Structure formats: C-alpha cells, structure tokens
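Asker: Got a structure for you, written out below as structure tokens; questions coming shortly.
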Amino acid sequence: MPSQTINFLLTSFPGLPLPPTLSFSLPSTATIADVADNISSRLPSSLRNVSSRLLLTTTDNKQLLPYSSNSIASLLDHAQTLSQHTFIPLRLSAKLCGGKGGFGSQLRAAGGRMSSRRKGNQEENNGSNRNLDGRRLRTVKEAKALAEYLALKPDMDKKAKEARRKRWEAVVEAAERREAEIRNGEGKGKVDGAWMEDKEEVGEKAREAVLRAMKEGNWKDNLAGAEVLGGSSTSVSNSSEDSGSSSSPSDGSDMEDIEQTSTIAITRPKSVKSAAPVRRYFGFDEEDDELTSDGDGDEDVDIPDEKEVEGKGKGRA
C-alpha cells in the first residue's frame, strides 16, 4: 500500500501566535507523537514548557496523547483510506482550572425553594375561591382553626393556672424555708433563733417600761433647764411675775416641786462660780475694786431668779 499524505487542519484558541486555522501535512506512516512535536515546534519558546497543559483533540472529541506511538492512519476511516489525499481536523485547547463545584446542587435547591414558594402562593391565591356551599375557602380554613383553638383553650387555661399556682407555692415554700433557716441558725445568715426571740422580747419590755413611766409621770426632761438658761433677761422677769401672780394655796404639791428644782438650780451655778478664781490686779484704785465688787453682787442676785424661773417652768410642765 503506497504511503499517503495526510493534511491536518488545526484550530487554535486566541492568544497564540498562530493563525486561527493552521494547515500542515505529514505522511501516513507518522505517529501521533510526531503530530504533537510538529505543533509544539510552531509554538513560541515561552509556551513550550507548558505544552503539556494543552489538549489536542479531534472533532469527535477524541484526545490525542502527545506520547502515543500509534500511527495517524488509525485516525482515518475506511472511505478516507481509499483516497490519496485526506484531511483530519484537530482542535488545540488549554486545560481550565477546576472550581468548587456543586453548582448543580445549588440549582436544585433553588428550584425546590421556587417550587415550594409557588405552591404556597397557589394556596393563598386559592383562598379566595368558593366551595360548593358558596363559602370562601379562606373563611372555612379560619373557622376550622378557630374551632381547634376553642377546643384547646380550656386545657391551656388550666395548665396556665396550674403553673401559676405551683410558682406561687414555690415562692411561699422558699420564704418559709428562709425564715426557718434564720431562726435555726442555718444557711448563709447563721442567725440564732433564740437570739432573735430575746431581741424581740427586750424591745417589747423597753417599750412597755417607757409607756408606764410616761403614764406615772416619773420622768425628767434634762433639756428643759438648758432652754431656759439660754433665754433673755426680759423673758425671765416676765415669767417670774406671771408665776407670782398665778400662785394659789391649792397648788401645794406643785410649789414643793418648784422649790426642790429651784434649790438644785441655785446650788449648781454657785459651785461653778466658786470653781472660777477671782483675779486681782495691782495698780487700780479702790473705787474700781468697789465697782467690780458691786457688779459681782448684782450677778449673784440675778442668778437665783433665773434658776427659780427655771424650776417654776419645769413644775408647770
């Protein structure tokens, strides 16, 4: 069988320094590796290192391996083998990097959501339709839902009341438990119950004693004397005149109390005054000494009046 010349028509992709369709011929005795070498020799030197990433396929999507030793005559069919000149179209393409994938599953999920939404809208749109009785389907559906709710409402109310009662019982039990812990000295507070009872008893006794004393009148106001001493001399004289005019024989007990308090009040300023030493200075005349002595006498005369008024005011109270 004489050798044939086989013409190749190579279709490349944009970006290569090759024409869109490259034509070259090889004898029928050449191998597929010779075809790959011929194509790689026509590529620039910068792409020869990555020539392994290029794909060489036929029009029927059959890949030609660059290291295959099969003859190119195996690519011809029976009709092409009888002719002297034949053409074999080839395609040169580059491998694409794979992505994440799963796009089909995402499409299916989106389609499922769209179909469910479509069904939901269809049901809503059907709600305005009427049944054989002339009632709308939406009204019938709402009536059924209301009937179901009314049937379940008593049980729901009963459960709510039971839960509320249990909650309040728990609160009361917690309060009683806390009070018992405080009385028995348990828990974080650790307060003795006997101490609490004694404290309450002492408070009650003190309150009763104060009330009893107030009823019997056996108590003394310690601040009344300080208030009278802080008053002016005019108020003291006025109060003494009023007390003198208002005295009567029927107030015997009141007068005795007034005399006792007045004697106590008179003795106190004398002790205070005796404690203070009298200072004398040389170089003054005798007249000055007499004047100072007269002034001291006046002070001694005024003091009993103030104290007597203080006692009378207390007796009146």
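Cβ coordinates come from backbone N, Cα and C, glycine included.
Dumping what TrEMBL says about this protein:
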COMPBIAS  230-252  compositional bias 'Low complexity'
COMPBIAS  284-303  compositional bias 'Acidic residues'
COMPBIAS  304-317  compositional bias 'Basic and acidic residues'
DOMAIN    6-97  domain 'Sde2 ubiquitin'
DOMAIN    98-210  domain 'SDE2-like'
REGION    107-133  region 'Disordered'
REGION    215-317  region 'Disordered'
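Tell me about the setting of these features in this model.
Answerer: In the domain 'Sde2 ubiquitin' (6-97), the DSSP tally of helix, strand and coil residues is 26 helix, 31 strand, 35 coil.
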Asker: Let's see if you can do this one: DSSP helix, strand and coil counts over the domain 'SDE2-like' (98-210), in that order.
Answerer: 90 helix, 3 strand, 20 coil
